[in-house]
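Residues annotated as active site in Swiss-Prot, with sequence analysis given as evidence: Cys16. Annotated ATP binding site per Swiss-Prot: Lys19, Thr46, Ser47, Asp48, Asp66, Asp89, Gly136, His137, Thr138, in sequence order, evidence recorded as sequence analysis. Summarising the annotation, Swiss-Prot assigns Mg(2+) binding site to Asp49, Asp89, Asp224. Look at Swiss-Prot and you will find Lys19 tagged as site 'Important for catalytic activity'.
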Amino acid sequence: MSKNIKLTSLTKNSGCAAKIGPGVLHSVLSSLPKFEDENLIVGFDTSDDACVYKINDDTVVIKTVDFFPPMVDDPYTFGQVAAANALSDVYAMGGNPSIAMNLICFPSCLDISIMREILAGGYDKVKEAGAVIAGGHTIADPTPKYGLCVSGFARPEEILSNSNAKIGDVIILTKPLGIGIMNTAAKAELIGENKIKEVTSIMSTLNKYAKECTSGLEIHSCTDVTGFGLIGHGYEMASGSKKTIEIFSEYVPIIDGALDYAKMGIIPEGMYNNLDYLKDKFVVEANISQELQDVLIDPQTSGGLLLSLPEKHAKEFLSRIEKFTPYAKIIGQVLDKGDKPIVIK
């Protein structure tokens, strides 16, 4: 057993870049029969972030599960990022997480103290969210993986979906893109410690604070940007809402250095899976570089919220979130349904 093995050396794909591609996933899920239950408010019909089940007229439960292999070598940080990523789905649905359970796969070649550090990172992030951890499940596995099964609660009218964007809405993204590319560069030892800290800080920031900034505002649609990239999750919102979303590429926040690494070809395998599925679902109308297109489809790990809301409420949201992050920006608008669900300007 070793304390010195790099966690990222034990996995081929890191973080949300390890997700099964959206095309394969869609082909499998679309072939399965659907459960019919009048209390199931949100299932997987529109690829939403979590399921929502009605408990009574005043309460719904939001359920989600998310886990993945490490994208960083520090065990504690890995635990924090994985927990923040799992908790995010509840925030994206308009709820607050209440209870979580650990899911951990752990190899015998690693010292057990590393497992403790991973779990400690998850514990601290769940505590920050105001939720509790009440058990979990472990599996012996050559590839380490960690995440959470999370339950949250909300009132029925508080639920947000990824399928209710309105014509005239603006689109806000709360975290910068390029996380998958930067993690790939870090695994190749191409970036320094300060940049790694910057990227891990972005990943480990809870979307709790962005969600709290929506209080009292008219939010029509919401999702979080994770493994399918901005274009992928934007497509799910546009398709589910039966609208077209226009993205203004020059306003999209991007981590410094991500475009340079993309130009060098330092991109995660998951990006190719995303592109294979999404290539006929968006159109580029601007003269933008290939590396910028790559960043727009880059798989994000614990990415930001993508919000669709009226412009007047967007301005208030941006003024509120300034104290939490410098990255939140208006990056697009919602149009009537056109030839393509996503248009890149």
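The backbone N, Cα and C atoms fix where each Cβ goes, and this holds for glycine too.
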Determine, to the nearest whole angstrom, how far the Cα atom of Thr138 (ATP binding site) is from the Cα atom of Asp89 (Mg(2+) binding site). 22
Using C-alpha atoms only, work out the spacing between Asp224 (Mg(2+) binding site) and Gly136 (ATP binding site) and round it to an integer in Å. 25
DSSP-derived class (H/G/I helix, E/B strand, else coil) of Lys19 (ATP binding site): coil
Any idea what DSSP makes of Asp89 (Mg(2+) binding site), helix, strand or coil? helix
Using C-alpha atoms only, work out the spacing between Asp66 (ATP binding site) and Asp89 (Mg(2+) binding site) and round it to an integer in Å. 9
Would you count the other C-beta atoms found within 10 angstroms of the C-beta of Lys19 (ATP binding site) for me? 20
If you measure between the CA atoms of Asp89 (Mg(2+) binding site) and Lys19 (ATP binding site) and round to the nearest Å, you get 15
Residue among binding-site residues Asp89, Gly136, Thr138, Asp224 with least C-beta crowding, 10 angstrom cut-off: Thr138
Cβ packing number for Asp66 (ATP binding site), 10 Å threshold: 23
Can you see whether DSSP assigns Asp66 (ATP binding site) to helix, strand or coil? strand
